[in-house]
Amino acid sequence: MAGTKTNSRVRVVWTGIRAVLVLTVVCGIVYPLVVTGLAQGIFHDKANGSIVKVDGKNVASSLVGQYWGTAKTVKQNGEEVTVVTPNPKWFQPRPSTSNYDPAASGASNLALSNPELTKTVEQRKADVAKFNGVSESAVPADAVTASGSSLDPQISPAYAKLQIDRVARVNHLSATAVAKLVDAHVQGRTLGILGDPRVNVLELNLALATMS
Amino acid sequence: MSPVLAAVLQALFLIALLGVCYVPFGTYMANVYTSRKHLKVEKGLYRLMGVDPDAEQRWPAYLRGVLVFSAASVLFLYLIQRIQSHLPLDRLALGTDGSTGHNLVNVDPQQSFNTAASFVSNTNWQSYSGETTMSHVTQMTGLAVQNFVSAAVGMAVAIALVRGFARYRSGGELGNFWVDLVRGTLRILLPVAVVGALILVAGGVTQSLSMPETVTGLGGEVQHLFTGPIASQEVIKELGTNGGGFFNANSAHPFENPNPFTNIFEIFLILIIPFSLTRTFGKMVGSVKQGYALLGAMGGVWLLFVVLMHVTEFLHPGAAAQAAGAAMEGKESRFGIGGSSLFAVSTTMTSTGAVDSFHSSFTGFGGGIALFDMMLGEVTPGGVGSGLYGMLIIAVITVFIAGLMVGRTPEYLGKKLGSREITMAALYILVTPTVALLFTSISMAMPTARASMANPGMAHGFTEVLYAFTSGANNNGSAFAGLNANTDWYNTAIGIAMLMGRFLPMVFVLALAGSLTEQKPIPASKGTLRTNTPMFAMLAASVVILVCGLTYFPALALGPLAEGFSS
């Protein structure tokens with residue numbers, strides 16, 4: 001009896017190993033390949049990252065934010081950091097902890113009680129107000145906070161509207177025409193209740209580019 | 001429409017969606033685990049595994065199956081990470097500098113162990129950034145597979161406990177672990193995953209096996225956009241309450257969660273199995289009302305915390321949020337305060353740990369709620385399977401406490417709860433807090449471990465460490481990500497905490513199931529506490545909060561409460 005018991009205990013180890021291998025084939029090879037095949041067949045563009053082309057060239061994914069300015073590497077306290085100077089010609093996205101680098105998605109993780117974050121927020125508020133020639137009290141929250149992914153492709157309608165005068169002036173367009181453009185690009189809540197209203201910065205800037 | 005009203009309607013929309021699916025899906029799952037027929041493809045798999053699907057197992061054999069399968073899984077997942085540079089598709093990931101076309105290096109031993117323990121224990125704590133660390137092969141054949149099977153293991157153990165209540169076998173048989181494992185995977189998780197993955201792709205989640213796409217923006221930025229087989233992994237990450245993201249930013253990343261609809265759909269996937277399993281339980285014990293009582297306890301606590309989270313996040317106390325005008329740091333503009341709050345409570349109450357916004361930048365009380373959610377022991381509604389067996393343990397404790405008050409021998413569903421049963425339940429309740437608090441105190445005593453804290457001030461830094469071990473031991477996996485957890489100490493200690501937090505409770509659950517199934521059911525008498533009433537649901541919910549409160553209050557006072565009251 002003791003012998004068969006030992007045998008069955010050794011056998012269960014083999015069963016465990018075989019089960020891992022068998023289920024790996026089912027869930028780790030067959031399943032993702034079937035889904036990939038179906039997705040590529042039915043939703044080809046979306047499955048490949050919703051890439052937007054202009055004149056045949058890939059310019060962005062409509063889902064992933066970018067910076068709209070010039071990046072320069074400068075030395076700050078002995079460390080090399082990238083600083084992006086926003087280009088006033090374009091609508092600007094939210095602040096990003098990674099300067100919209102897709103290899104460094106993630107958040108600041110700073111606590112709201114952290115004085116460093118309060119300082120950053122106040123600095124951003126002053127910068128945004130100055131850049132757009134508005135008062136600090138007019139600057140909305142999303143313009144001075146970094147998103148969770150640091151790749152947020154959208155801004156609030158309030159932040160888009162705040163930028164209208166500056167964008168119109170620099171591009172020699174009428175403010176009413178740019179305001180119309182912004183209105184046309186406001187996406188409401190899905191089904192009227194899901195999420196928040198927002199404006200896709202890339203789509204807005206692409207439309208702006210065809211206008212000017 | 002005001003954001004607050006929209007957030008309320010959004011939450012009601014989610015509840016309606018869950019309500020519609022509850023009955024058919026819960027009943028379907030009950031049929032899966034009680035059907036005598038094996039599918040043809042299942043018979044094939046049993047032959048390959050060398051399993052007799054009609055053999056019944058007593059609890060020690062069932063437990064051996066769970067442990068052996070999980071140990072083999074840890075080993076396999078560890079190996080894949082250690083040799084991924086020699087496997088195909090390793091050039092598709094991004095280099096740490098964002099460049100493409102690199103040979104990915106192997107993951108180091110401590111991190112490989114941590115990740116293997118993490119995914120096998122259904123925790124999905126991540127001390128790595130997916131896009132620059134793991135190859136597509138590791139993601140697909142390693143991590144995603146564990147997303148399926150660790151969830152199926154959780155369900156199997158829950159079903160074994162339900163059988164302990166539902167049936168009488170003088171020999172103590174609980175069913176067959178291998179059959180429960182295969183059926184849960186093939187008949188429940190896979191079909192939902194295939195449909196769900198396609199719904200996500202339709203919303204914009206990527207699903208490809210090609211090189212990262214390079215784009216040059218009109219604004220001047222060059223980006224290497226890393227795609228990959230994300231939808232197929234995203235869906236099971238939520239459905240199996242796993243939570244391990246393809247990307248570092250997890251479900252905040254636009255390729256994992258592109259719009260408000262996918263956000264609600266992912267929250268739905270997180271909650272559907274844990275809630276519906278109460279129906280499965282009700283069907284199997286022959287009274288769906290017993291299931292409604294558990295659902296009432298789970299849903300009531302979930303809803304209470306959803307409301308509290310919305311209130312604190314909309315009010316946004318905290319200096320930085322006051323300066324900004326709203327608590328939008330770490331949140332995506334497409335989800336807003338409402339979508340982020342709903343996700344945060346659902347992910348921390350289900351042992352999922354996926355995030356669509358970063359809890360470290362929530363308000364002091366909001367972060368505290370996320371932490372408290374996990375401390376409730378992941379039973380409201382809890383992880384896939386683990387939520388149900390955890391809630392059944394709570395029900396046992398509740399019946400016991402009620403029995404003490406009126407001086408009767410406690411019984412639940414016709415089974416007597418003697419000293420052996422109560423001992424098992426008590427051990428179950430004790431093991432997770434013990435692991436979490438023990439490792440937290442050891443870390444606080446180690447200068448090198450304290451150095452990993454990101455935010456100044458003991459309160460928030462302490463919360464980071466407490467959150468990490470609470471998350472690990474409760475198999476949640478979400479992080480107060482400020483903590484630098486990729487150190488030898490945290491990788492090893494959290495790895496051990498996750499394994500202990502997952503498998504020790506399972507031992508007690510299966511031992512309890514074994515002793516229950518040997519008991520002949522006794523008919524209900526006048527003195528029997530009725531457990532299918534709203535009253536019982538409320539009692540059980542209070543026991544959840546009471547047990548947790550008594551265990552963790554001192555630790556909470558040192559961390560989030562101290563921070564919340566000082567801001």
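Even glycines carry a Cβ here, placed using N, Cα and C.
Remember, TrEMBL labels are computer predictions, not curated facts.
Feature list (source: TrEMBL):
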- B:6-30: transmembrane segment (TRANSMEM)
- B:61-80: transmembrane segment (TRANSMEM)
- B:144-166: transmembrane segment (TRANSMEM)
- B:186-205: transmembrane segment (TRANSMEM)
- B:261-280: transmembrane segment (TRANSMEM)
- B:292-311: transmembrane segment (TRANSMEM)
- B:388-406: transmembrane segment (TRANSMEM)
- B:427-446: transmembrane segment (TRANSMEM)
- B:493-514: transmembrane segment (TRANSMEM)
- B:535-557: transmembrane segment (TRANSMEM)
| query | Are the transmembrane segment (B:427-446) and the transmembrane segment (B:261-280) close enough that 3 or more Cβ pairs fall under 8 Å, when only pairs 6 or more apart in sequence count? | reply | no
| query | Is the transmembrane segment (B:292-311) packed against any residues at least 6 beyond its ends, judged by a Cβ distance under 8 Å, and which are they? | reply | 4, 7-8, 11, 22, 274-275, 278-279, 281-282, 337-338, 341-342, 344-346, 349, 365-366, 369-370, 372-373, 376, 379-382, 387-388, 391-392, 394-395, 531-534, 536-538, 540-541, 544-545
| request: Report, as numbers and ranges, which residues of the same chain sit near the transmembrane segment (B:427-446): CB under 8 Å and 6 or more residues beyond its ends. | output: 375, 377, 390, 393, 397, 462, 465-466, 469-470, 472-474, 489-490, 493-494, 496-497, 500-501, 504-505, 508-509, 512, 547, 551-552, 555
| query | Is it true that the transmembrane segment (B:535-557) and the transmembrane segment (B:388-406) have 3 or more Cβ pairs under 8 Å, skipping pairs fewer than 6 apart in sequence? | reply | yes
| field | Same-chain residues at least 6 beyond the ends of the transmembrane segment (B:186-205) whose Cβ lies under 8 Å from its Cβ atoms | value | 28-29, 32, 39, 41-42, 45, 148, 151-152, 155, 230-232, 234-236, 239-240, 254-259, 261-262, 265-266, 269, 273
